[in-house]
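Annotated features, as they stand in Swiss-Prot:
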DOMAIN    16-145  domain 'RNase III'
BINDING   Glu58, Asp131, Glu134  Mg(2+) binding site
ACT_SITE  Asp62  active site
ACT_SITE  Glu134  active site
DOMAIN    172-241  domain 'DRBM'
REGION    219-260  region 'Disordered'
Amino acid sequence: MMRLSGADKMSPSERVQLLESRLGLSFSRMETALEALTHKTYVNETRDKELKDNQRLEFLGDSVVNLAVSHRLMARCPGLPEGDLTKMRARVVNEDGLARVARTIPLGDLLLLGRGELMSGGREKNSVLADALEAVFGAVFLTSGLDAAVTLVDRYFADLLDEVSSGQGRLDYKTLLQEMAHERLKLQPRYRVVSESGPEHSKVFEVELMLGETAFARATGRSKKEAEQSAAQATLEKLREDAACPTSPPPGTPRHDTPA
């Protein structure tokens with residue numbers, strides 16, 4: 001029998017009140033705040049038709065966070081080209097960065113999770129925390145407006161923004177991809193050099209990234225490591241897109257075509 005912790009015994013209203021206290025704001029609609037804290041596994045287990053999971057709010061919150069972070073990066077780095085700003089934003093708004101912010105609130109103990117998710121350590125999973133954080137920002141936007149959401153970005157993303165603005169926030173995309181691929185797909189990324197071009201002192205390497213049996217991304221770089229990091233970054237972004245809007249089987253899943 002699983003022993004319940006203090007976090008598991010909290011009522012829904014207590015969770016919302018604690019969230020309000022930690023964020024320093026009040027939600028005009030408690031049900032919206034509670035939705036942000038509700039994982040899909042909890043809804044599946046309770047089978048309450050009135051209960052909603054946080055996936056739609058996560059979808060909205062992703063855009064809210066990206067907008068606010070983009071605005072702050074433009075203000076911090078005047079004159080920086082669009083491509084560089086995009087790369088900087090990706091070093092802030094990713095599963096690792098979002099989970100880091102969620103832990104500073106902290107958010108994990110407030111989440112409503114199914115028993116299976118609880119037993120597998122869901123309160124500390126980067127994927128669960130990152131999704132919940134975006135859902136909270138979606139709820140803040142709906143109930144308090146964009147200004148309130150931007151104020152929270154200024155407070156909680158300040159360290160990450162400082163790091164990338166000063167050039168320190170270079171994330172290891174290969175490690176992040178390895179963790180995500182193992183957690184979500186039970187697959188191990190594999191890299192292989194497809195081609196080398198250019199003179200010996202200035203070679204360009206093209207690397208292909210495989211997930212399962214699928215060639216998932218290609219990227220180039222001045223070194224194998226640089227090319228692998230770029231391929232891993234592109235794959236991470238695609239996996240996040242697929243998770244937000246699943247329209248096909250996960251990459252690496254064997255295809256079973258129906259005979260004509």
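Placed from the backbone N, Cα and C atoms, the Cβ positions cover glycine too.
Cβ contacts within 10 Å of Asp62 (active site), excluding its own Cβ and spanning all protein chains shown: 21. There are 21 other Cβ atoms within 10 Å of the Cβ belonging to Glu58 (Mg(2+) binding site).
With DSSP classes pooled into helix, strand and coil, the tally for the domain 'RNase III' (16-145) is 95 helix, 2 strand, 33 coil. The record gives Glu58, Asp131, Glu134 for Mg(2+). Within 8 Å of the mean position of their Cβ atoms, the other Cβ atoms in that chain belong to Asn54, Gln55, Leu57, Phe59, Gly61, Asp62, Leu98, Ala130, Ala132, Leu133, Ala135, Gly138.
DSSP labels the residues of the domain 'DRBM' (172-241) in these numbers: 34 helix, 24 strand, 12 coil.
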